[in-house]
Amino acid sequence: MHASEIFPTPYVLSSVLSASTKTQLFGLGEQLHCLIIKWGFHSETYVCNALVALYTRSGKLISAEQIFSKMQFRDGVSYNSLISGLVQQGFSDRALELFNKMQRDCLKPDCITVASLLSACASVGALHKGMQLHSFAIKAGMSADIILEGSLLDLYSKCADVETAHKFFLTTETENIVLWNVMLVAYGQLNNLRDSFEIFRQMQIEGMIPNQFTYPSILRTCTSLGALYLGEQIHTHVIKTGFQLNVYVCSVLIDMYAKHGQLDIALGILRRLPENDVVSWTAMIAGYVQHDMFSEALKLFEEMEYRGIRSDNIGFSSAISACAGLRALHQGQQIHAQSHVSGFGDDISINNALISLYARCGRIQEAYLAFEKIDGKNNISWNSLVSGYAQSGYFEEALQVFVRMLRTEAEVNMFTYGSAISAAASLANIKQGQQLHAMILKTGYDSEMEASNSLITLYAKCGSISDAWREFNDMSEKNVISWNAMITGYSQHGCGMEALHLFEEMKKCGIMPNHVTFVGVLSACSHVGLVKEGLGYFESMSKVHGLVPKSEHYVNVVDLLGRTGLLNQAMEFIEEMPISADAMIWRTLLSSCVIHKNMEIGERAAQHLLELEPEDSATYVLLSNIYAVSRKWVHRDWSRKLMKDRGVKKEPGRSWIEVKNTVHAFYAGDKLHPFTNQIYEYIGDLNRRTSEIGYVQDSFNLLNESEQGQKDPTMCVHSEKLAIAFGLLSLCNNIPIRVMKNLRVCNDCHSWIKYVSKISHRSIIVRDAHRFHHFDDGVCSCRDFW
């Protein structure tokens, strides 16, 4: 028409604009706007109404309001277009103000106006205004309108209570499926599964046929409440009614199965979809990330891109979270750059995932900068930084951020407390852990199972196994995580029989053990030397419980055999394993070889370690140890030279103790502490007194000496001796000495601490890299087996 130079009328122009709006060809509509101005039709009411609708639907509210304000004559359609646009874009207050202006212009609202305004009232909680509109609708004879009934029901369910909404629902024409769906959503938002299913059952009795919006409403409720078995029943209905290939329904089914760990089922639904749907794909990716299947999540994200499906913010944030889980910094940065190009640069969920990426990759400065760049930080932003620091070993920084978070208006939830507790536990900071416990009690989270599980781990890691047991025993309901935490705690404290007894109780209670359970059980057997029992439990994993052993389980079996001196059997076990032995397995074997002075097998283990992890200092130290205890001084010197030539630095031993709310850290031979003179003088006194009752220095463990057996015990003081001496000088007699160390306690220090506990009549608790040692009256809980 335009090419034929036929001049269009205002009605034709408004029709073309409406078509552009409905087909979302907004650019074409804007080009037409230029022609409208050129032709002089910009003051025509029909044309202006169509332009207002175009700009509101495309999100350009400023343009829409400018056109509206310049109109010479406004009718109901003009107001309806702008009011509905404002409501859809989240500007409900402005929509209600515009309605007041509409009334001042003496224009009567119709069903569309009232429906839009009711949505605005529901959004801002304006129940009274909504009820006034309801009264107006009744007087105007429009209350039976289907769209209006849906809007009214939505208003009452969101702003009043579900009982009021249900009463209104009973007064409506129940043949309207939209109203049934709204009631399902209302009960779902209250997590009321029983009434949701009652509504669904009543629908079927009334002969109502569910549509594509019915099933997602009730499926979301099943998902949020963990009611997978009921969700599976709804899935059966979905298939019976022919919605099994509906994209909208399937996206919610995928989300439900993925969140409940049924990832194979979720993937099967995704693969059967007749069309590519970004919501379904991102739900599957998010499910993989939730269950720590990070590689699978990234593969699916890459496949989604290959298929030409443009990711949404959920897809990008999930993919970045997967990179965080894999510590794949470069790939995560690339995906973040893609999200910027796709227009999601300011999306808070993506930026929160970026914080986790940097923090978990140890890039603390970048994590903090990413955090500071976020406008309107939410609790997830704070949680990302706290948990990221804690998971990357920056425990003190995690607690500092947590304290800063408390000063803001951000909501501190159980996830936040869990991350802070984890940081306090890793630092063995029992005072801070007790403060966190008090906060949990104050905020009412103490009744949650997750809180108790975290506290069990906290007290166990801080050396107070009795407090861990008290927390466990007071739980009204326990899950597998609760049992695992207590079993692992007992194992770490050398309470092997208690751990195994608890494992048997767990099975009697009908709790199915998982992989984590058996790590604790096998470790317990290892710490108390129960070889036969440990091998039996290991065999039962696959034969009784259907669990495929992982690397950590093989490590525990090697440790079990090695500690008891069965080194040949341990070597045979490694050679017959269905998986390749990793560095941890060989390191465990090498440690046992040092204890039992088996140089032949030790050298074989060291050779594998040097190939797998040539830059790990522990291998060279252990190899040097085995040569030292075998009096192979030339070989010992060779191993040290090899370490030096390769530029490998030995990790320094570090011990710390908390005294009067301050953590005091010490290194071997440390002389930087303000009380250095008093500490060394006291150690000298302890050495003299322990020697009098039988302590003899084990010089083979002093690896830093230049010539074997030539140094006085006071010349090389390991960090745990300094920390214990400071604790004895600083703490009251009734307070146990709690010392934490980053490395394994050597034989000499272990023997020395036993004698010190005897002469001082003090309880000394030491946590090293392997376990807890409880020293009392000259005896250690490990029975010299660690």
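The chain as shown is numbered from 1 upward.
For all residues, glycine too, the Cβ spot is worked out from N, Cα and C.
According to TrEMBL:
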REPEAT    75-109  repeat 'PPR'
REPEAT    176-210  repeat 'PPR'
REPEAT    277-311  repeat 'PPR'
REPEAT    378-412  repeat 'PPR'
REPEAT    479-513  repeat 'PPR'
DOMAIN    694-786  domain 'DYW'
*When the repeat 'PPR' (75-109) is classified with DSSP, how many of its residues are helical, how many are strand and how many are coil?*
26 helix, 0 strand, 9 coil
_Let me spell it out: take the repeat 'PPR' (378-412), skip the flanking residues so only those 6+ beyond its ends count, and list any with a Cβ under 8 Å from a Cβ in it._
324, 348-349, 351-353, 355-356, 358-362, 364, 367-368, 371, 419-420, 422-424, 426-427, 429, 432, 439, 443
*Long-range neighbours of the repeat 'PPR' (277-311), counting only residues six or more past its ends (CB under 8 A)*: 247, 250-251, 254-255, 257-259, 261, 263, 266-267, 269-270, 318-319, 321-323, 325-326, 328, 331, 335, 338-339, 342
*Along the repeat 'PPR' (378-412), what average pLDDT does this model show?*
92
_From the DSSP assignment alone, can you count helix, strand and coil residues within the repeat 'PPR' (479-513)?_
26 helix, 0 strand, 9 coil
_the repeat 'PPR' (378-412) - residue tally per DSSP class, helix then strand then coil_ = 25 helix, 0 strand, 10 coil
*Per-state residue totals over the repeat 'PPR' (176-210) - DSSP helix, strand, coil*: 26 helix, 0 strand, 9 coil
*asked:* Summarise the repeat 'PPR' (277-311) as counts of helix, strand and coil residues per DSSP.
replied: 26 helix, 0 strand, 9 coil
